[in-house]
Amino acid sequence: MAEDLGLSFGETASVEMLPEHGSCRPKARSSSARWALTCCLVLLPFLAGLTTYLLVSQLRAQGEACVQFQALKGQEFAPSHQQVYAPLRADGDKPRAHLTVVRQTPTQHFKNQFPALHWEHELGLAFTKNRMNYTNKFLLIPESGDYFIYSQVTFRGMTSECSEIRQAGRPNKPDSITVVITKVTDSYPEPTQLLMGTKSVCEVGSNWFQPIYLGAMFSLQEGDKLMVNVSDISLVDYTKEDKTFFGAFLL
């Protein structure tokens, strides 16, 4: 029997096994597993970096919130020498004055030079407040700023018909009346006219009254002085303090 097979008892038979149908599936599964593992290894550093970034951002936000809380807490218990923001200045604290008329002493009138009026600064409706002072016909400005300046002067006379005045030879009776608010500055040699008002009295009959009101805003400097000049001091109506007055206040 052994001889028919051509094999000796000392030899080992070798049999080649052919692969069966469908035996390539294990290889395909192994390739998919390797691809999935590769993707995981590639994505793992990205996921780790993203996690680290989110963690650091959260810690940073918590740190900033802690710093803000400490700053607010420090301000709450800050010492009194630190800067404190003062409230807006109230109008009642600003310099202001209102002067009323007093009886005037006639003075000699020079050409192109109008006499200045005297004022009451304490009695009746008159006052000076918050470092605004009155002295020797002048209002003294205590601090620089924008001021509203005003004055009303009421004139009165007995007759002002220009033709009759000229025919009678009475040159002391005016054809017009003038009021000027003047500023005097130590650094400037000449007075500055801030406001001027003029009215004709030729068309007015006997026993006439003429008020002239002036008012406007001006930028003034500390130390400036204000006064009111008139063309004829003898015609100023001083009978009532609400007819002739002068004032200024810081805006």
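Every residue, even glycine, has its Cβ placed from backbone N, Cα and C.
Over in Swiss-Prot, the protein carries these features:
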DISULFID  CYS162-CYS202  disulfide bond
DOMAIN    95-251  domain 'THD'
CARBOHYD  ASN133  N-linked glycosylation site
CARBOHYD  ASN229  N-linked glycosylation site
SITE      SER187  site 'Important for binding TNFRSF6B'
SITE      GLU190  site 'Important for binding TNFRSF6B'
TOPO_DOM  1-35  topological domain 'Cytoplasmic'
TOPO_DOM  57-251  topological domain 'Extracellular'
TRANSMEM  36-56  transmembrane segment
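In the structure shown, across all protein chains, ASN229 is the one of the recorded positions ASN133, SER187, ASN229 with the greatest number of other Cβ atoms within 10 Å. Between the CA atoms of CYS202 (disulfide bond) and ASN229 (N-linked glycosylation site) there is a gap of 21 Å, rounded to the nearest whole number. Of the recorded residues, SER187 (site 'Important for binding TNFRSF6B') and ASN133 (N-linked glycosylation site) place their C-alpha atoms 20 Å from one another.
Cα of GLU190 (site 'Important for binding TNFRSF6B') to Cα of ASN229 (N-linked glycosylation site): a distance of 15 Å. Each of the recorded positions GLU190, CYS202 was scored by the other Cβ atoms within 10 Å of its Cβ; the lowest score goes to GLU190. If you take every residue in the topological domain 'Cytoplasmic' (1-35) and average the pLDDT, you get 53. Here the CA atom of ASN133 (N-linked glycosylation site) lies 19 Å from the CA atom of ASN229 (N-linked glycosylation site).
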